[in-house]
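Here's the structure, in structure tokens; my notes come after.
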Amino acid sequence: MKILTQDEIEAHRSHTLKGGIEGALAGFAISAIIFKVLPRRYPKFKPSTLTWSIKTALWITPPTVLTAICAEEASNNFDATMYGSGSSSEDALDEHRRWKSLSTKDKFVEGLSNNKYKIITGAWAASLYGSWVIVNKDPIMTKAQKIVQARMYAQFITVGLLLASVGLSMYENKLHPNKQKVNEMRRWENALRVAEEEERLEKEGRRTGYVSNEERINSKIFKS
């Protein structure tokens with residue numbers, strides 16, 4: 001039975017919590033679509049006419065289900081990474097220690113940088129919907145003109161977000177100029193450590209008379 005270290009417990013909790021938060025956000029987005037988008041697309045579907053119990057169930061079911069699923073998946077993925085073969089377990093612990101040592105500002109900047117494309121995609125979709133809601137109130141423009149106008153607003157916002165992401169990447173590189181080299185060196189060190197450990201165990205097995213199945217099959221007694 002393996003005794004977990006405090007770093008392993010904290011890393012597992014962090015990965016599970018992150019997966020749960022991502023699932024909750026996705027679930028609330030689905031709930032918002034159910035209550036805001038579907039009634040516009042299907043006028044016969046009117047959530048306002050439903051009872052409070054049904055509306056509550058429709059609202060909390062997607063985030064509850066996705067929170068549980070994503071948290072469980074994150075936990076399983078972490079276990080597979082930590083307790084599988086190879087140097088990935090050391091990489092996961094080193095990454096957790098590095099993240100834990102960062103300041104709140106550095107965590108915020110790195111979090112934005114690591115998820116910038118998700119943020120840009122979500123902001124583009126939100127800006128497209130928001131601009132359509134605003135433009136759709138114009139009684140003069142045709143529907144085609146409204147679509148073009150809403151898309152122009154969304155593209156303008158997306159260009160601004162892309163420029164902001166470039167600036168964010170430059171700022172992060174300025175804060176950590178050798179980050180990529182350090183990570184690459186750490187991976188090589190962990191891989192060498194695992195290789196040395198496997199070689200040591202193999203030598204110990206030979207000294208104690210332990211023979212693997214592959215060695216038994218390749219031995220002379222199995223050959224005609």
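Along the chain as shown, residues are numbered 1 onward.
Using N, Cα and C of the backbone, Cβ positions are placed for all residues, glycine too.
Because the structure is a prediction, the values reported are computed rather than measured.
Here is what Swiss-Prot says about this protein:
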TOPO_DOM  1-13  topological domain 'Mitochondrial intermembrane'
TRANSMEM  14-38  transmembrane segment
TOPO_DOM  39-47  topological domain 'Mitochondrial matrix'
TRANSMEM  48-75  transmembrane segment
TOPO_DOM  76-103  topological domain 'Mitochondrial intermembrane'
DOMAIN    89-180  domain 'HIG1'
TRANSMEM  104-133  transmembrane segment
TOPO_DOM  134-142  topological domain 'Mitochondrial matrix'
TRANSMEM  143-173  transmembrane segment
TOPO_DOM  174-184  topological domain 'Mitochondrial intermembrane'
TRANSMEM  185-204  transmembrane segment
TOPO_DOM  205-224  topological domain 'Mitochondrial matrix'
For the topological domain 'Mitochondrial matrix' (39-47), the mean pLDDT of the predicted model: 85
For the topological domain 'Mitochondrial matrix' (134-142), residues assigned helix / strand / coil by DSSP: 2 helix, 0 strand, 7 coil
DSSP helix/strand/coil residue counts for the topological domain 'Mitochondrial matrix' (39-47): 4 helix, 0 strand, 5 coil
